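Colleague: Below, the features straight out of TrEMBL:
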TRANSMEM  34-55  transmembrane segment
TRANSMEM  75-93  transmembrane segment
TRANSMEM  105-125  transmembrane segment
TRANSMEM  140-160  transmembrane segment
Amino acid sequence: MTAAAPGYNANAALPKRIRHHYLYSFQDTRRERLFLSSIGFDVGAISARVITHLIRRGIGPFHNLSRNGRHLHHLVFGIGGLLATGYLWLVIADDAEQQKTIHRATSFAYGVGAALTLDEFALWLELEDVYWTEQGKVSVQALMIFGGLLSIGVWGGPFLKATAKEMAPKTSPA
């Protein structure tokens, strides 16, 4: 990968080399969006699961949210995130260079919103809170299926491979 990446400088600082691999690996905007959505999805799914377990055990500053005595499930925030990113994508549909930061942020936010929503997929099916029951396992299955579709390994493979090479200890010729 490093030999094929034009402009690669093996003597540059590690962050610059990784940035080079990122820019080279994600010249295709769609590929970059899928990769960032994958990362957002993984961050959202892991965060939702960790925080709900902490809430259930009464650990840390986290607690259930409610409004007017009604529990707010995290899928509400996921749906809000999906609606917001969808709207922003409609508004900024062009691929203008100045829009790259917005495209990247909304791709990540889309992944987080999808994770928060799918983490409570069983609630969609059962129309009741079955998060901690056997029926709640369907939410984990939905996360796995959708997460697989956004797979970081598939969409970000060349970048991740190049980054792993950069991070690996250098061996001296004997």
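In case you wondered, yes, glycine gets a Cβ from its N, Cα and C as well.
TrEMBL entries are annotated by machine, without manual review.
Show me how these features fit into the structure around them.
Modeller: Beyond the transmembrane segment (75-93), the same-chain residues lying 6 or more positions past its ends with a Cβ under 8 Å from any Cβ of the stretch are 44, 99, 102-103, 106, 109-110, 112-120, 123-124.
Residues 32-34, 36-45, 48-49, 52, 73-75, 77-82, 84-85, 88-89, 92, 131, 135-139, 141-143, 146-147, 150 of the same chain lie 6 or more positions beyond the ends of the transmembrane segment (105-125) yet place their CB under 8 Å from a CB of it.
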Colleague: Quick test of the contact rule: Cβ under 8 Å, at least six residues beyond the ends. What residues does that give for the transmembrane segment (34-55)?
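Modeller: Contacts with the transmembrane segment (34-55): 26, 62-64, 74, 78, 104, 107-116, 118-119, 131, 143, 146-147, 150-152, 155-156, 159.
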